[in-house]
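Comments concern the structure below.
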């Protein structure tokens with residue numbers, strides 16, 4: 001801390017010396033002459049240590065000086081003062097018993113606490129002129145001794161190369177910085193290793209045996225540094241991505257038998273099947289031989305297209321395959337003819353439309369009285385006559401399923417059309 005003038009020992013006055021203190025307060029004034037400099041020794045202060053507020057550039061012809069806690073000069077913030085004439089020390093309400101004032105105006109604070117951190121004001125009383133005085137301010141920050149950190153992990157047993165993990169350095173410590181070490185070295189540059197904004201959390205993207213650790217974190221501030229114990233991730237063996245093989249991706253409805261197989265084969269895994277994101281329920285229709293690795297559907301309907309997934313699991317977790325969706329071939333169902341009107345008058349428009357559920361879409365054709373008219377879903381006759389009366393049939397065919405179906409209706413066309421004006425008696 002350097003050489004100090006010995007603290008006066010001739011006389012000490014407690015707060016009861018209020019009259020003398022009041023007389024000192026009369027000399028307070030803004031600085032007019034000397035530049036007072038205050039520095040802390042040591043410059044970085046940790047809790048429980050001592051700090052000396054060392055004063056430089058003291059002006060000449062001094063009467064005394066007063067120390068305040070904070071930047072407000074009043075009796076409440078008054079710590080202690082020194083009167084040169086008589087070497088008298090006076091203690092104020094802010095005195096804690098740990099402050100020592102020296103004849104060179106320096107202030108020693110012992111066993112500093114968090115409450116001691118902050119601003120201090122030194123007011124110097126100059127003799128010869130009661131209206132002259134010099135004021136200096138100083139602020140110091142108190143740093144806590146850093147605690148021994150520990151590392152917490154979002155996953156203790158991540159799956160190799162498959163899972164992201166975040167490591168956090170605990171505890172969160174104010175006014176401190178965080179450093180990370182892997183295998184005793186500072187972190188390498190890698191897109192798989194990313195730090196949070198404060199460096200307190202380390203993100204590992206796809207942990208491998210090369211990035212499993214050991215890791216250490218360090219908490220550091222200007223007065224101390226502490227490093228954690230090594231932390232190593234327990235990597236689980238990588239699960240292979242399963243996939244589904246199937247004997248027929250385009251089965252015919254209620255006709256073809258489907259065999260699903262979950263690959264790869266292993267005695268170390270269990271197998272689970274999923275349909276539409278739900279675990280496949282137990283059903284007499286579904287057979288699962290060979291420890292559930294093979295799924296057999298004796299038949300399939302248009303409502304069972306999927307998606308299907310298989311999952312392989314070990315004692316720690318599982319992974320699913322990409323979804324597989326079937327293209328179930330069906331139909332054509334019984335066609336529908338619209339509109340279903342059967343009575344028309346000569347001169348009216350005949351427009352019929354035919355539709356049937358089918359995959360792939362069916363081929364359509366129209367016949368009248370058994371005679372082919374056209375191919376397509378729609379039949380249009382601009383002006384019908386009585387000659388157009390008869391049996392209209394829509395036939396549908398699906399070449400993929402080999403199925404056919406038809407629907408017929410009878411159309412009757414009466415004589416000459418009656419004008420609307422006559423029909424309503426105009």
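Yeah, the Cβs are placed from backbone N, Cα and C, and that goes for glycine too.
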N-linked glycosylation site per Swiss-Prot (candidates: 259, 268): 268
Inter-residue C-alpha distance, residue 262 (disulfide bond) and residue 394 (disulfide bond) (nearest angstrom): 45
PLDDT averaged over the residues of the domain 'Ig-like C2-type 3' (335-410): 94
DSSP residue counts for the domain 'Ig-like C2-type 2' (240-327), split into helix, strand and coil: 3 helix, 34 strand, 51 coil
Assigned element (helix, strand, coil) containing residue 394 (disulfide bond), judged by DSSP: strand
